[in-house]
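See structure below.
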Amino acid sequence: MDWDQDRSNTELRKEKSRDAARSRRSQETEVLYQLAHTLPFARGVSAHLDKASIMRLTISYLRMHRLCAAGEWNQVEKGGEPLDACYLKALEGFVMVLTAEGDMAYLSENVSKHLGLSQLELIGHSIFDFIHPCDQEELQDALTPRPNLSKKKLEAPTERHFSLRMKSTLTSRGRTLNLKAATWKVLHCSGHMRAYKPPAQTSPAGSPRSEPPLQCLVLICEAIPHPASLEPPLGRGAFLSRHSLDMKFTYCDERIAEVAGYSPDDLIGCSAYEYIHALDSDAVSRSIHTLLSKGQAVTGQYRFLARTGGYLWTQTQATVVSGGRGPQSESIICVHFLISRVEETGVVLSLEQTEQHTRRPPRLSASSQKGIPGNSVDSPAPRILAFLHPPALSEASLAADPRRFCSPDLRRLMAPILDGPPPAATPSTPQATRRPQSPLPADLPDKLTVGLENAHRLSTAQKNKTVETDLDIAQDPDTLDLEMLAPYISMDDDFQLNSSEQLPKVHRRPPRVARRPRARSFHGLSPPIPEPSLLPRWGSDPRLNCSSPSRGDRPTASLMPGTRKRALAQSSEDKGLELLETKPPKRSPRLEPGSFLLPPLSLSFLLQGRQLPGNQQDPRAPLVHSHEPLGLAPSLLSLCQHEETVQPRNRFPPAAGLGQTH
């Protein structure tokens, strides 16, 4: 019994709760519909609004009411007619008011004609939900108040001009699509950033209460029409042109002859920037940048130069049109609207406005071409044009004096070949005869080789006279080929040698041998020397091959595997110096002293003790010490048996411990 009574009480409480909730919802609905009827909309429109839309539109209405109360709006005079309907007809776009947060506080009724979205669907929403994501940063910058950077002007700049891509449900045929299938439409927006101070209000305590000023952006948004939607008769105050992506004319309407005095053929291939006033080129460049990034753009009012002088105020609507696949098939269609007639007709602002200016080279008459060699080299046309089309001459006349048919730049480039190197006289070589300035092509390889050898001998003779033996005197950096030398990299931090280590002895060079250039880098290990049978080195001598002696050389003992490569490397360096008397193109790296040569040995020789570079070697010291490997002595003797009697040089300085004989 008790259980049934508790169950009935629970059901009664639930029913009362449901009735109370139903009553609250009905009262809420009634209040919201009463609120909807108070909004300035038609009764048929407000009756179909949902609760969220009613709240959204009410908040927007309250914002606009505060703006109207704070702003200085022009009131309709007594006896005058209201002009609100005329404003919408005169405007080519719609009016939009944005708050500082980006909410659309107001849009005019004709927004549906441009975007396909009704006024009620947009008011109260954030504009960032309807514009292209790439344009949100630009709009946010326009909504931000800009500081006043000028001391003369008390007010900060409030004017705004930008382009937006906004969602549109209209098709080219006038049909309306779903919002999910909307496309992007470019709108040119221009307006001002306004700050309205609301009227002062009193608090319940009686003290005045001030509110911050209301910031809003009032814009007029105009849709840029596509060129395909324009009617064929544009009128006398407009003309059409087509450009490539670099704004060069590819087509121009014939009406430009009546308006600006240009012929369409004169503009083909010319850039549009050449016919724009210099003071307006920056503003037009920004509009072209917007055009290439968004597909459509409207320029501001700029001055288009007339043919006979002066300019016309013009405004241009540009659209990027694609005729196929790829960027090469794209072009720019421009519709130019003339705002004024030609002003300041007597002022010449560009070369395009002069009659003497032409882009094509002048044609020469037949009589003037007969007596001029080289087809009008001395013609009044630019000199470089004479080399674009040389006359048809025989090869013999070209070979006799080819410099006549070369441009000045080509003459300077071919001067070493056409003029030849200067003759050099050495004691051992007779003076070379002077070569003609224009040799035949068949003689160029041999004579150029002789000239290069003479230049090498001359430079070697000059260097032999000024050889420096002091290690403290650095080589002049101007005489070095810095492009062929590696930068100096100190290796002291990478290889920590013992404190008892000493550098090898310094060897003086004979006066007749040219000083080797100092290397600027040292990598620790010398590069491996390839086998002579696989890669013969330039300047090497086959007599140094111990395995196959020739020319009466007596056979040497069998060498150790490691000593053969060192002997070949050393012989190639000595023999190359004796035969050429010049420096070879590449040398083994060495340390900073200019006369110290690092032999191509392994790292174990570097880690042994050496004497200081300042100490001179004893001429009576033996070439091979008793503690060196026995297989190394014959190879070293073979290096010196074909050399001339010069001061002996020790290429392989022994270690401090091995230099002491028993």
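Note that Cβ sites are derived from N, Cα and C of the backbone, with glycine treated the same way.
Given the structure is predicted, the values throughout are model-derived calculations rather than measurements.
Of the given residue ranges 104-108, 219-223, 414-418, Swiss-Prot assigns the label motif 'LRRLL' to 414-418.
Swiss-Prot tags one of the stretches 27-50, 75-98 as region 'Nuclear localization signal (isoform 2)', and that stretch is 75-98. In the domain 'PAS 1' (80-150), the DSSP tally of helix, strand and coil residues is 30 helix, 13 strand, 28 coil.
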